[in-house]
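Asks: I am attaching a structure below and will ask some questions about it afterwards.
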Amino acid sequence: MDKHIRSFIRYISLERRYSPRTITSYSNDLHQFEEFLKDYFGVSDIFWNKVEKKIIRYFLISLQENHLSRRSIARKLATLKSFFKYLAREEIIDHNPALSIKMPKFERKLPEYLSTTEIEAILKLPQLDDFENIRDLAILELFYGTGIRLSELINLTMDQLLLDENLIRVRGKGNKDRVVPLGTAAKKILIKYLQIRPQFAAQSVDNVFTLKSGKAMYPMAVQRIVKKYLSQVPNIRQKSPHLLRHTYATHLLNAGASIRVVKDLLGHESLSTTQVYTHISIEHLKDIYNQAHPGASDKSPKT
């Protein structure tokens, strides 16, 4: 792999603290682009100053010809934009050839979410009879009650719990901190979990959530826990922690929360990222209207 790509991967890993999944995705995208450039220039070493805007366009066209979806192409272009921005900032290149390339448009799929009835049923599933079940419920409640990401939950440490203030301090993407309110239900089970945690957690582990062995939780372990409980819900394709994050955001908007407040709670950099949830909220309002308003049905109200 090219030394500048390796340097960029170290940067997003150590300084930007991107999730392992995102780092792998960026690494794969850049390796694919590197191989394309080697074929294009007929060389084994890349001179990044020679990469022009039109060459990036040729790469995107080649992806299109291989029937890659618009969403995947957009993701790869986003990777290239980040990479070339880094190269320009480090003065490895004189100008950023990806700067003015527009992202391809695609129809955003509305995220799945759970109904209030479904999430209430899920949160009743764990039997609070041992360490793992109590921990599992604390994890589920924290995902739904705060909307944090998987990586944020994994890296949550004891000093980030501000229980006296009903808050948690979350370290999100780009090493940015945000403070998120902690609801009564989430706080109650979290306190119960913290009371038994010292019996299992190794003294050297500062992470809030641990395995029964005492080691810190890792992403796959949390994903398995969440999938175990979400599998009880029929007709849901996505059985991951992100479904609970989607549910958190959707329920807030349906209850009348401002989209800007939800943006800050989720840790989104751009409002456009949060706006996908407004479409779900509008559909929810339509359903309420159709059920409640006399003029919504074909039947005319009696006079």
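Each residue's number is its place along the chain shown, starting with 1.
The backbone N, Cα and C atoms fix where each Cβ goes, glycine too.
Model, not experiment: these values are computed from the prediction.
Sharing the features that TrEMBL gives for it:
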- 1-88: domain 'Core-binding (CB)' (DOMAIN)
- 109-290: domain 'Tyr recombinase' (DOMAIN)
- ARG149: active site (ACT_SITE)
- LYS173: active site (ACT_SITE)
- HIS242: active site (ACT_SITE)
- ARG245: active site (ACT_SITE)
- HIS268: active site (ACT_SITE)
- TYR277: active site, O-(3'-phospho-DNA)-tyrosine intermediate (ACT_SITE)
Asks: Between the Cα atoms of LYS173 (active site) and TYR277 (active site, O-(3'-phospho-DNA)-tyrosine intermediate), find the distance and write it as a whole number of Å.
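Replies: Cα to Cα, LYS173 (active site) and TYR277 (active site, O-(3'-phospho-DNA)-tyrosine intermediate) are separated by 20 Å.
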Asks: List the same-chain residues at least 6 positions away in sequence whose Cβ sits under 8 Å from the Cβ of HIS242 (active site), in sequence order, or say none.
Replies: PRO111, ARG149, LEU150
Asks: Pull the DSSP breakdown for the domain 'Core-binding (CB)' (1-88) and write it out as helix, strand, coil residue counts.
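Replies: Helix (H, G, I), strand (E, B), coil: 70 helix, 0 strand, 18 coil.
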Asks: Are there any residues at least 6 positions away along the chain from TYR277 (active site, O-(3'-phospho-DNA)-tyrosine intermediate) with a Cβ closer than 8 Å to its Cβ? List them or say none.
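Replies: Residues satisfying the criterion: PRO111, HIS246, ALA249, THR250, LEU253, ILE259, VAL262.
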Asks: Which one of these active-site residues has the most other Cβ atoms within 10 Å of its own Cβ: ARG149, LYS173, ARG245?
Replies: ARG245
Asks: Just how many other Cβ atoms lie inside 10 Å of the Cβ on HIS268 (active site)?
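Replies: Around the Cβ of HIS268 (active site), 16 other Cβ atoms lie within 10 Å.
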Asks: What is the separation, in Å, between the Cα atoms of HIS268 (active site) and ARG245 (active site)?
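Replies: HIS268 (active site) and ARG245 (active site) have their Cα atoms 12 Å apart.
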